[in-house]
Structure formats: C-alpha cells, structure tokens
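Now, the feature entries from TrEMBL:
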- Asp346, Lys356, Pro373, Asp374, Ile375, Leu376, Phe393, Lys407, Lys411: CTP binding site (BINDING)
- 2-38: domain 'Antitoxin FitA-like ribbon-helix-helix' (DOMAIN)
- 73-234: domain 'Flavoprotein' (DOMAIN)
- 254-472: domain 'DNA/pantothenate metabolism flavoprotein C-terminal' (DOMAIN)
- 1-258: region 'Phosphopantothenoylcysteine decarboxylase' (REGION)
- 46-66: region 'Disordered' (REGION)
- 259-483: region 'Phosphopantothenate--cysteine ligase' (REGION)
Amino acid sequence: MASLTIRKLDEGVKTYLRLRSAKNHRSVEEEVRVILRELIEGREEPLTPFSAPPAPSTAPTPQRTGAVPEASVTLIIGGGIAAYKSLDLIRRLKERRIEVRCVLTKAAQQFVTPLAVSALSHERVYTDLFDPQSEFDAGHIRLARDCDLIVVAPATADLMAKMANGHADDLASAILLATNRKVLLAPAMNPLMWTNAATRRNVTQLQRDGVVLIGPNSGEMAETGEAGVGRMSEAIEIASAAERLLRPPVPKPLAGKRVLITAGPTHEPIDPVRYIANRSSGKQGFAIAAAAQAAGAEVILVSGPVDLDDPTGVTVKHVESARQMLEQVQAALPADIAIFAAAVADWRVANEGEQKLKKTSAGMPPLQLVENPDILATIAKLTDKRPPLVIGFAAETEHLIDNAKSKLARKGCDWIVANDVSPATGVMGGDRNTVHLISRKNGEKDGEIAVDSWPVMTKEQVAIELVAHVAKSVSGKSVEPAS
Ligand SMILES: Cc1cc2nc3c(=O)[nH]c(=O)nc-3n(C[C@H](O)[C@H](O)[C@H](O)COP(=O)(O)O)c2cc1C
C-alpha cells in the first residue's frame, strides 16, 4: 500500500486539504482517506476549496440514488442478549443507504458470530484492539473517525461504565475514547442494572458529555422473564434515530410562502408548424423552483417548452407563447414572491398563418413582428396583487451591469439577477452560471443600486443562493393564501 507524505504536496493542494479537514473536524490524513473513499465510491463533491464558505443551505436533502452509501456508521455491538437485534439494525441502516462497519466486543461474540455480522454488513468485522492486520495504520483510530456516527447497540452497563470513565482497554472502548463523532447509545440491560446508582451516574455523565441515548424501552426481559425498563429499542427506532443525527431536518425558511416562477423560452408561432424561439433551456428557473420547494414554499412554475422533468412537489403550468405565459402568471396570483427567469420572446409574428406557409414564386412571405406583453413589468407595476418581492432576470450579451441597472428602474421590479449569455459563456443551455444580483440598498424604492457579484456556480447553487437571499428578505412578511 502506498503511503502519502502530505508535506510533499503542492501548496494549493495542502491549503485545500487543511481548509477541508478543519471544516470537517478531521485530521488531514483522515480527510485524504475520506476523499479517496468518495472518489472510489463515485461520490462527487465540488472542489471549491478557496471560495468563501457557502451560505446556510436551504438545499433539499440529497436524493438517494443508486446503491452508493450516503453516510457511514461504526456499529459497536456489546455483549447482551439484545445483540441479535443488531443483526436487523445492520439491515435497517443499510436500507437507508448507510454503510455499516461493525465492531464486536469479546462478550458480544458469545451472542452473535462475526461471520453473521460480516455477512450482513458485507464488510470485515473488527474484534481485536491488538489486531496486526488492521493496526498497521492505527485501525482503531480509523474506525473511530472514518465514519459519520458511532452507534452502540446494545450498549451494555459495562460499556457505558467504561465510556463514562474514559477506559480504553479493548477495541470498543478505545474507539469510543478516540472518536470525535457523535455517539448514539441504545442501552439494553436488566431493569435492576439500569436503575442501579452506578448506571444512573454513568448515564448522567454520558449525557453531559454529549452522547445521545435512544431507549431503553420498558417491557419483558428476554433472558430472565422479568419486566421493567431495560429493553433495547427496536432496530427500526435505532435506525431512525441514527438517520435523524446523520441527516438533520432541512430548515424550511419559505414555509407558508407562495412562490411564482417562470422558466424556459417561449415559442411564438409563425404558422401551425413553425415558430420563433430562443436557446433558453429552463434549467435555471427549474433549479430555483426546486430550491424554493425544498425551502418549504408552495411553488407554481410557469414554463415554456423545455426538455426537463417537472420538479417534484411543484405545480407546473406548461405554456408555449408569451401571451399564454402572462395568462398563467396572472391566474397564479397572489404570490409572496415572483421570480421571472423565463426568456420571454420580445416579439411575436403579427400575421400568424392559419395554414402552413407555402413556397411561392413571389418569394419569402414578409414576417410582421409586434411586441409581446412585458410579463415582468406588467406584474411589477400592478397596484393590486403585486407580489411583495418581484425578481426579474436580465440576460445580456454586452454592458451587463449597466443594462441590468436600467432594467431594474424601467421594469419596476425589486431585484434583477443579471447574467452574461454571450455564446462564449456557455450559460444558455449549460449547467453553470455567473450572476450579479442587482437590488436597491436597504430595499428602499428609490435607494442606491447595489451590485452583488457571485462567483461562477452551478445553476443549482445559484438557485440555492438566490432562495437563501429571498428567505432572508421576506421572513415575516406574507400575503393571504390564494383561493
Ligand atoms: C446471558 C447473558 C446476558 C447478558 N445480557 C446483558 C445485557 O443485556 N446487558 C448488559 O449490560 N449486560 C449483559 N450481560 C453481561 C455482559 O455480557 C457483561 O457485563 C460483559 O462483560 C459485557 O461486555 P461488553 O460490555 O464488553 O460487551 C449478560 C451476560 C450474560 C451471561
């Protein structure tokens, strides 16, 4: 196995590793192991080490995809009858896309075999602190830290006593002393052991130390026929508690808000088979809709023709032309926030043919263009039902900031998200975007115009950032729900 000398790496890589390991509370060596594991598992995390730390995310919990684990747990199985339930716990964790590496105490091996645990976890099982095979690179430290959470189930009275007093004379207690991860204990013991003053003291101490306990439940004791408090929580309860610690509920800063979003191009018909269009893919507007929905908003997305799946949990109105888009936008009011990300055609054909235009010897038929309704200005200038926050997009190919500033004043909206859509940027149809948020200082109607330029980001990141700004701006202000 090759070893890596961090000292010999490029300065840039070293800085990246230091920042990332500090952020994740790991040593640099551990961070390298995690990065390698993520690479091997195909887990992709954008490498943006030198940018400012991201704003509090309103992003949705990542979707579970494929069979790639999204988190990992070191499961310590103690020596109690309830150890058999830990076999089910392994399965429950794995079905939640949580990778499980198991450690068995000496006593635990009297109740379940390493072979059964290994077969269920599809991983090597660890039993011995002085195992030359895993200790060649301090295996107990790896088990303590190369995971997102440590679960002890069953947590015996003995293991809890050792933990409360900082013992480290076997693999399980050494891991528990060496970890900087959250620890979840599922105690299981005879009711008299549980109520014993020594156990009470240990439980209090462990809770003070930040350890989380699930259970024990009350009920019959399998081994004695006695009843009382001491039964280990069911595997499904422990797995849910682990999941709550690993994936804390996402904050919903837009809960109770109604957000109207437009996206995509419009198609302006020339005749029944031909139309005028633009290169908008709808990706940015769809990403904003998904981010707003994940932030708890009720989202209505009015979309021109796009090749994208409707975002989950969003009401989508599909339209073709600018006039249809305006109709649907008006029908969706009132809203707390309106974000107009669609690339609406400025003009449509005045003399739209009812039949397919034919080639004639007279040459090309003249196309008369007339102006389309200005959806952003129409809604921003409403006196009745104007959403309290109206945001427009400005797609420009030159004089980006100047044009966006004058658009803000001309259209009467509150913010403009300006982006350069020159072909060289690859923004139109691409996955990344570089935007500038143009707004009035302190939100005052005639206040000085402020320009906030964001670094290049994916369209999803732009959406999350924009939704975070929106949430901050509208917190506490709400319109009456739509009838
Ligand atoms: C049949 C049997 C069942 C046991 N069940 C429990 C139990 O449920 N909880 C407990 O704390 N100890 C129980 N013990 C005692 C532990 O196995 C003993 O304290 C052991 O040293 C624990 O080791 P460990 O904490 O390293 O796993 C049991 C012992 C036996 C013989």
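Backbone N, Cα and C define each Cβ position, glycine as well.
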Overall pLDDT of the domain 'Flavoprotein' (73-234), taken as the mean = 92
Specify the count of other C-beta atoms within 10 Å of the C-beta of Lys411 (CTP binding site).
-> 21
Per the record, CTP is bound by Asp346, Lys356, Pro373, Asp374, Ile375, Leu376, Phe393, Lys407, Lys411: how many Å separate the farthest pair of Cα atoms?
-> 37
Using DSSP with the three-state reduction, classify Asp346 (CTP binding site) as helix, strand or coil.
-> coil
Just jot down the residues in the same chain as Phe393 (CTP binding site), at least 6 apart in sequence, with C-beta under 8 A of its C-beta; none if empty.
-> Gln284, Ile339, Phe340, Ala341, Ala342, Ala343, Ile416, Val417, Ala418, Asn419
